[in-house]
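Supplied in structure tokens, the structure appears directly below.
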Amino acid sequence: MDNCILEIKNLSHYYDNNGNKTLDNINLKIKKNEFITLLGPSGCGKTTLIKILGGFLSQKNGEIYFLSKEISKTNPNKREINTVFQNYALFPHMNVFDNISFGLRMKKTPKDTIKEKVKTSLSLIGMPKYAYRNINELSGGQKQRVAIARAMVMEPKLLLLDEPLSALDLKMRQEMQKELKKIQRQLGITFIYVTHDQEEALTMSDRIVVMNEGIILQVGTPEEIYNEPKTKFVADFIGESNIFDGTYKKELVVSLLGHEFECLDKGFEAEEAVDLVIRPEDIKLLPKGKGHLSGTITSAIFQGVHYEMTLEIQKTNWIVQSTRLTKVGEEVDIFLEPDDIHVMHKE
């Protein structure tokens, strides 16, 4: 990877003497100007990894190369890496200008340069008239923008963001997702973003790193992670999934609930037991007798954009999402195209 900005090699970390690893042999390459997201449930190790990359915590084993230089023993203030924390970490006794300019003033930057850089940063976050506003007069979203501006004004080559939007309400969070992606593209800074929110990761990322229990399970584009999960955990964690036991009968044919379906996945043995992943939005409902398998709708909930229905087929429950309502008690068939079925090896 010629345009690699950060490489993590065989990195492990544990907090106790029993060797229970918070991070277990992490290997990852990150490209320049990339928006990459560390995604996983609470306790998976993503925040620990961010702290290590920022220099706030030392790993037990492994190496970190930033612009081809090993930085494990480099102090945080000597790394061209800045961090935006979940709690903003703004100075309440300083106004917006002083908060954003704090790092520049510590570096003895000339006053005229500071003024120009802060002005540019405020414009970039859409707050050009807020320079002398007190921090306690700002909304949560505005505080987060100021925290981001304070990090960006130092012109880091890499920006770490540790769940920065988690305290915001849904609408503000969605607006800030768009703003962050826009800012990242304008500045050309590499972002490493931490979240447990799948929608956030899918919306903003160039690539997603899915983590669980201190290990990396899969790295890929949002489309790859969503459409081609490599493990049952990834399939279940990213969006909603129907995951069933099936059999890979022969090349490009699987069996599920006694019916054979065509599929697109290869690399399996004949008669191999497999996991079959079917997304709720990919299931087509047809009149009884017109599809592959028959079942009965047992629940239907309106969720704004679509209806989410539960379909019982041979004592298995299927989650189905559709813009058209099928009433509870109605008998229907399902129809699946080959690309609606994703085949995975059993773990």
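Cβ coordinates come from backbone N, Cα and C, glycine included.
Got these off Swiss-Prot a minute ago, pasting:
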- GLY40, PRO41, SER42, GLY43, CYS44, GLY45, LYS46, THR47: ATP binding site (BINDING)
- 6-238: domain 'ABC transporter' (DOMAIN)
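Give me the structural setting of these features: burial, nearby parts and distances.
Sequence-distant neighbours of LYS46 (ATP binding site): residues of the same chain at least 6 apart with a C-beta under 8 Å from its C-beta are LEU38, LEU39, GLY40, VAL194, MET211.
The domain 'ABC transporter' (6-238) scores a mean pLDDT of 93 in the predicted structure.
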So which of the binding-site residues is most packed in, judged by how many other Cβ atoms lie within 10 Å of its Cβ, out of GLY40, PRO41, GLY43, GLY45?
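Buried the deepest by this measure is GLY40.
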Taking the binding-site residues one at a time (SER42, THR47), which has its Cβ surrounded by the most other Cβ atoms within 10 Å?
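Compared across SER42, THR47, the most Cβ atoms within 10 Å surround THR47.
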List the other residues in this chain whose Cβ sits within 8 Å of the Cβ centroid of the ATP site residues GLY40, PRO41, SER42, GLY43, CYS44, GLY45, LYS46, THR47, in sequence order.
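So the extra residues in range turn out to be HIS196, MET211, ASN212.
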I'd like the Cβ neighbour count for CYS44 (ATP binding site), meaning other Cβ atoms within 10 Å of its Cβ, all protein chains included.
23
